[in-house]
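Below is one structure, written out as structure tokens; comments come after it.
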Amino acid sequence: MTRFNGIRAAFAALSLLAMGACTYVPFDAPRTVSRATDPLGPSALASEAQADLAPYGGRSAFVPLSEGNDALGARLKMIEAAERSIDLQYFLIKPDLAGSLVSRALIDAAERGVRVRFLLDDVFTTADDTQLALLDSFDNIEVRLFNPLSRNSIKAVNFLLDFNRVNRRMHNKSLTVDNALSVVGGRNIADEYFQIHTDAEFADFDMFVAGPAVQKITESFDRFWNDPRAVPVVNIVGADTEAELRATLADITTSASAAERGIYRRAVNSQYIADFSAGRLDALVSANMVVSDSPDKLRQPVPSADRRLYRALQDQMLKSEDSVLILTPYFVPRQSGVDFYAELERRGIDVKVVTNSLAATNHSYVHGGYAKYRKALLEAGVQLYEVRADAPQVLGDLPEGSDVKLTMHTKLAFFDDDRAFVGSLNFDPRSIEINSELGLFVALPADSELTADLIRQRLADYAYEVRLDAEGRLIWVYDNGRRRELLRSEPGAGALSKFVAGVTRILPVEGQL
């Protein structure tokens with residue numbers, strides 16, 4: 001028996017060693033602490049922003065950025081204009097046309113002497129390690145992965161053996177140049193966010209930011225960049241052989257493809273970019289508040305994690321007197337959320353929520369977490385709208401018969417029509433409790449071009465209104481172009497999507513959605 005116990009103990013020890021090896025990440029790898037304010041010297045962007053905002057007593061300026069093609073052009077033009085520094089923080093980048101264009105622009109900037117810091121979350125980034133290591137190999141570019149998975153095992157094993165750590169993700173999204181101009185919002189770096197023809201288009205929203213708010217954005221970036229969980233990519237993937245790097249380098253630095261050149265020209269030469277560059281777009285100069293979750297949130301137990309950004313959103317909703325309008329791609333209120341919105345309705349606040357229909361969403365399982373609360377929300381007085389997957393065809397943005405599917409990815413909210421939120425946070429447990437997020441609150445003057453009314457007026461064009469009929473059953477009401485129609489089941493959704501959403505409704509996974 002003693003011998004058997006010894007063998008069992010040895011086996012247990014070996015198992016622990018194997019598990020440790022499977023989940024090893026070099027969090028103790030050497031790294032250099034750096035700050036957004038490190039690159040010294042003036043830049044044209046910084047000087048121009050300072051001069052333009054001088055009469056406004058320390059306020060910041062904001063310009064909405066809604067169209068995907070314009071959003072790509074804005075990012076490329078910002079990178080091209082950078083003289084001192086570029087800081088990027090994103091949830092994912094894909095090795096597609098958009099990813100290639102942004103990568104080339106970053107390489108060109110680095111070769112001009114611009115310092116580039118690129119911070120990426122690791123879970124959904126599909127650019128492979130060699131591509132990221134190659135980008136990192138250029139002088140003046142450093143790539144770090146936040147809370148990376150171990151490369152000693154596949155992703156599923158990471159989640160199985162190290163779930164509590166790898167489940168916590170950095171979902172913040174921002175691009176800042178010369179510590180003077182930022183773009184924040186919901187977009188990642190992939191074709192579907194920028195109207196590059198694929199089988200899916202993500203309708204999203206960003207905001208240009210100039211002025212003191214930029215410093216708040218880069219302060220948040222610095223906290224994540226210098227956090228122990230931000231690991232230099234070279235310490236994760238190891239050094240490629242010289243031959244491998246040369247082969248990859250030759251591939252990435254060859255002339256851009258015809259498709260890339262066409263997309264680049266369309267993006268940087270759009271009317272929006274021309275108007276922005278010429279100063280013809282009216283900037284919103286107003287009071288504001290930048291709120292970012294701390295990287296510490298990702299180390300705290302989920303039930304007690306710091307919900308800094310969501311608390312700020314709740315505060316704005318509770319301060320409202322007339323209306324709250326929420327646009328979110330993923331809406332999982334849970335019972336506590338139903339109670340919260342019901343209380344707003346009891347106070348006389350009109351609450352509208354716009355989210356994806358089952359056919360439009362890219363995550364059917366998340367829709368299941370929302371669907372179970374629809375009836376309770378409607379009974380409480382909340383008005384629900386679900387975006388149509390065929391909205392581009394309905395609105396005339398695509399030729400009839402096109403099979404491009406629209407998914408709303410916008411994270412936007414309005415409070416009493418005089419305050420707005422834009423950022424990376426979804427109204428679901430994952431964003432609120434598990435991941436880190438970044439958001440911007442802006443006061444809206446009466447003459448602002450960014451208004452909730454613009455959205456309300458077009459809801460009937462691109463969304464179903466979800467209602468209860470006389471018997472308390474769900475119906476979806478929409479305009480077919482000639483008259484109002486109603487449906488009695490999830491419109492446009494396939495059998496597989498319905499099955500996945502249905503399973504999620506009954507499984508105990510709500511806290512992970």
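Using the three backbone atoms N, Cα and C, a Cβ is placed for every residue, glycine included.
If you look up TrEMBL, you'll see 166-193 (among others) marked as domain 'PLD phosphodiesterase'. Counting only same-chain residues 6+ beyond the ends of the domain 'PLD phosphodiesterase' (166-193), those with a CB under 8 A from a CB of the stretch are 36-37, 39, 43, 45-46, 49-50, 65, 68, 71-72, 74-75, 78-79, 81-94, 96-99, 102, 119, 121, 123, 146-147, 149, 158-159, 200-202, 204-210, 213-215, 217-218, 220-221, 224, 292-293, 295, 297-299, 329, 407, 409-411, 422-425, 431, 434-440, 512.
For the domain 'PLD phosphodiesterase' (404-431), the model's pLDDT averages out at 95. Among the features that TrEMBL reports, domain 'PLD phosphodiesterase' is placed at 404-431 (among others).
Positions annotated as signal peptide by TrEMBL: 1-20.
For the domain 'PLD phosphodiesterase' (404-431), the list of distant contacts is 91, 171-173, 184-187, 192-193, 197-207, 309-310, 313, 316-317, 319-334, 337, 353-356, 359-362, 366, 369, 387-393, 398, 437-446, 450-453, 455, 462, 510-513: same-chain residues at least six beyond its ends, Cβ to Cβ under 8 Å. Broken down with DSSP, the domain 'PLD phosphodiesterase' (166-193) shows 4 helix, 11 strand, 13 coil.
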